[in-house]
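S.K.: Marked as GTP binding site by Swiss-Prot on the basis of sequence analysis: 19-26, 81-85, 136-139. According to Swiss-Prot, the feature Mg(2+) binding site maps to Thr26, an assignment based on sequence analysis. Summarising the annotation, Swiss-Prot assigns domain 'tr-type G' to 10-204. Per Swiss-Prot, the feature region 'G1' maps to 19-26; the stated evidence is similarity to another entry. According to Swiss-Prot, the region 'G2' annotation covers 60-64, on the basis of similarity to another entry. The region 'G3' annotation in Swiss-Prot covers 81-84. If you look up Swiss-Prot, you'll see 136-139 marked as region 'G4', on the strength of similarity to another entry.
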Amino acid sequence: MSKEKFERLKPHVNVGTIGHVDHGKTTLTAAICTVLAKVYGGDAKDFASIDNAPEERERGITISTSHVEYDTPARHYAHVDCPGHADYVKNMITGAAQMDGGILVVAATDGPMPQTREHILLGRQVGIPYIIVFMNKCDMVDDEELLELVEMEVRELLSEYDFPGDDCPVIMGSALGALNGEAQWEEKIIELAEALDNYIPEPERAIDLPFILPIEDVFSIQGRGTVVTGRVEQGIVRIGEEVAIIGIKETTTTTCTGVEMFRKLLDEGRAGENVGVLLRGTKRDDVERGQVLAKPGSITPHTTFESEIYVLSKDEGGRHTPFFKGYRPQFYFRTTDVTGTIELPEGVEMVMPGDNIQMKVTLIAPIAMDEGLRFAIREGGRTVGAGVVAKIFE
């Protein structure tokens, strides 16, 4: 069977459903696929095939995730849905499925529940930029005032975690009704699709962002100088441009005098490419793995930050015992390990394998970072946790 060519004619946006258990995330995912396929064309997916989510491994962590795709006239969407709460936590923290926007599903019959709050908080911590609310099961609520009350509660909850609660679109619908082909509820799915198109801006492509290349290796080439190699994370580097070397040591700037790929000389290196960059007047010992090459001024080195962490369970190959304050593991950023100390939240004495928690981390050497950067927690090369930078202190 030949693979059909993927036509990238429309902008591509990543979204996903979040919210409390049994509020209808998977049913909504199936309803979106079904209704949009019916109205705009495409493949419908049924509930069972989405609910039966395959297991994936991301940085050694087992996560069950379903990926579906659907189209509106304006865009192509990739949508992730997770069967269990733990899968959401892991997914958001590892960034296994990056979201440009989230669809928060809240059952009108229950209103916001503990996981509703937890998913909103996680969304804030891991940098999901936009949230659209789908109030589900509205066909089971007769009281108009009750619906308004739930909407108000959800908006207040979003505002509490720094989302624009007053401005987030709220769509009142019934995923099951739409899945069963009831016209009034199908219309609400179309309304949700329009909200996705209008409320979530088109994500910036990696190539349009400022240049960053995490350094993997450093070579000295006789008569030509020092070459650093790695995969361009974002942006473009061109010959003759100034680049900064950031992290671990004092930041320095130099000039890119050459770019090569597979021994061919290029004018530029672009996001996603594995390249070697030749640096003017830089000595072999001035640069090391773990630093990044970046557009000067675009990213800064830091040592102290607030993070959201998932600790691997014993079954996932993580620790067998809890850890306490004063724990000093290595934090693996991009290409290297840096030792750091942790500070647990007030009232938390210990952290068990399988937990997720916020903690303040202080590294012994600075690393080039922005909020939203993912890292692994390791002990002697073995991964015991995953985390994301939520807020930078210094």
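The backbone N, Cα and C atoms fix where each Cβ goes, and this holds for glycine too.
In terms of burial and nearby residues, how do these features look in this structure?
M.R.: DSSP assigns Thr26 (Mg(2+) binding site) to a helix in the three-state reduction.
The Cβ neighbour count for Thr26 (Mg(2+) binding site), using a 10 Å radius over every protein chain in view, is 21.
Within the region 'G2' (60-64), the DSSP-based counts of helix, strand and coil residues read 0 helix, 4 strand, 1 coil.
According to DSSP, the secondary structure content of the region 'G3' (81-84) in residues is 0 helix, 1 strand, 3 coil.
Taken through DSSP, the region 'G4' (136-139) splits into 2 helix, 1 strand, 1 coil.
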S.K.: Which of the binding-site residues listed here (Cys82, His85, Cys138) have a Cα atom within 10 Å of the Cα of Thr26 (Mg(2+) binding site)?
M.R.: Cys82
S.K.: Is His85 (GTP binding site) helix, strand or coil when read with DSSP?
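M.R.: The residue in question, His85 (GTP binding site), is helix (DSSP, three-state).
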S.K.: Among Lys25, His85, all listed as binding-site residues, which has the most CB atoms within 10 Å of its CB?
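M.R.: That would be Lys25, with the highest Cβ count within 10 Å.
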S.K.: Express the predicted model's confidence over the domain 'tr-type G' (10-204) as a mean pLDDT, rounded to an integer.
M.R.: 92
